[in-house]
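Chemist: My questions will all concern the structure given below.
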Amino acid sequence: MALSAAVVILPLGVLFFISGLVVNLFQAVCFALIRPFSKNTYRRINRALAQLLWLELVWLVDWWAGVKVFGHSSAQSVNFAGKEHALLVSNHRSDIDWLVGWVLAQRSGCLGSALAVMKNSLKVLPVIGWSMWFSEYLFLERSWAKDEYTLKTGLLQLEDFPQPFWLALFVEGTRFTKAKLLASQEYAASTGLPVPRNVLIPRTKGFVTAVSHMRSFVPAIYDVTVAIPKGSPPPTMLRLIMGQSSVVHVHLKRHMMKDLPETDEAVAQWCREMFVAKDALLDKHLAADTFSGQEQQDIDRPLKSLVVVSSWTCLLVMGTLKFLQWPSLLSSWKGIAFSALGLAIVTVVMHILIRFSQAEHSTAAKVVPVKPKTSGESSESGQDKQQ
């Protein structure tokens, strides 16, 4: 990590790490003392606690890096957002798509109840992974034999969720890269599927399971397409921390859950067709450098995240001043070593967070080429079978 980056990362890391541990502590206490007696009371409290942490990352997007997020959606979709349970299905275009989703959720008033299906290794990530676990994110191992029960159980537990929630599902299974696109194109050509140009082939088993278990209590699917305009560098966690801006375009289309077909195979085909439509939409975006046909909406940055970060900063500064008043802190080797160890831990945690967010370090689910299907064979793809 370059020295210039470390100079910026360290103070931001200290702020995020210390405030996050405070939030994690309160989440753990509430989980142990309140959840056994009232799950919904715990969820309401945890929603407020999680927002105190998530708003720091929203601040990073809005105020520190000044990322411009432009929304493209119908007035009806905007009116329903944040007022209903929704299954959010997005392409996985950039390293911070999940964070763009948090920005949209914050604007819609449901940041504290924004959930996602994540890879299992993320739940051990200090601060952010722990907070996700307390907030009932669903963590999968990318092995359907292991994940089927976990996913079904987690989805059913959301039925009595007391506030409107969004559950984000990235059905491509991994972040988009040129190498992964080439693998998807080769796979599609070998199996008779439409060859993608801007997306990866969706793995539909998780989507089918989500629809079948959430159909009765989730009224809508939010079909989200993320694109980066030509003149903007792709946003990354490191660019955000360094205060470097980007532009992100987000297209949202609302589908009624009741309009989806009934059978699992038909739902899987609906998902594949949705991504074929996303692919065509991204072709148009590539040509016009915008999502044409709908008015572009500049998603204004609110003051709430700025107030939260300012409050955490004041508390941290006061705590640091008290800490430095200890006479033995910097006057002994033990005190110096203790302080250096704390800063080293923060630096390592921030490095891990940045590394986890990078697409080049993500792994794709294994794709095993299969023979092109003949008439009468199931249209389930070999990619789905890997899940």
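The count begins at 1 with the first shown residue.
Including glycine, each Cβ sits where the backbone N, Cα and C put it.
Residues or ranges marked as transmembrane segment by TrEMBL: 6-34, 306-324, 336-354. As annotated by TrEMBL, domain 'Phospholipid/glycerol acyltransferase' applies to 86-208. Taken from TrEMBL, the feature region 'Disordered' covers 367-387.
Explain the structural surroundings of these features, please.
Modeler: Cβ atoms under 8 Å from those of the transmembrane segment (6-34) belong to residues 41-42, 45-46, 49-50, 52-53, 56, 60, 64, 126-128, 130-131, 134-135, 241-243, 309, 312-313, 315-316, 319, 343, 345-347, 349-350 of the same chain, restricted to positions at least 6 beyond its ends.
Taking Cβ pairs closer than 8 Å, the transmembrane segment (306-324) reaches residues 14-15, 18-19, 51-52, 55-56, 59, 62-63, 330 in its own chain, all 6 or more past its ends.
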Chemist: Please spell out the DSSP helix, strand and coil residue counts for the domain 'Phospholipid/glycerol acyltransferase' (86-208).
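Modeler: Its residues divide into 59 helix, 18 strand, 46 coil.
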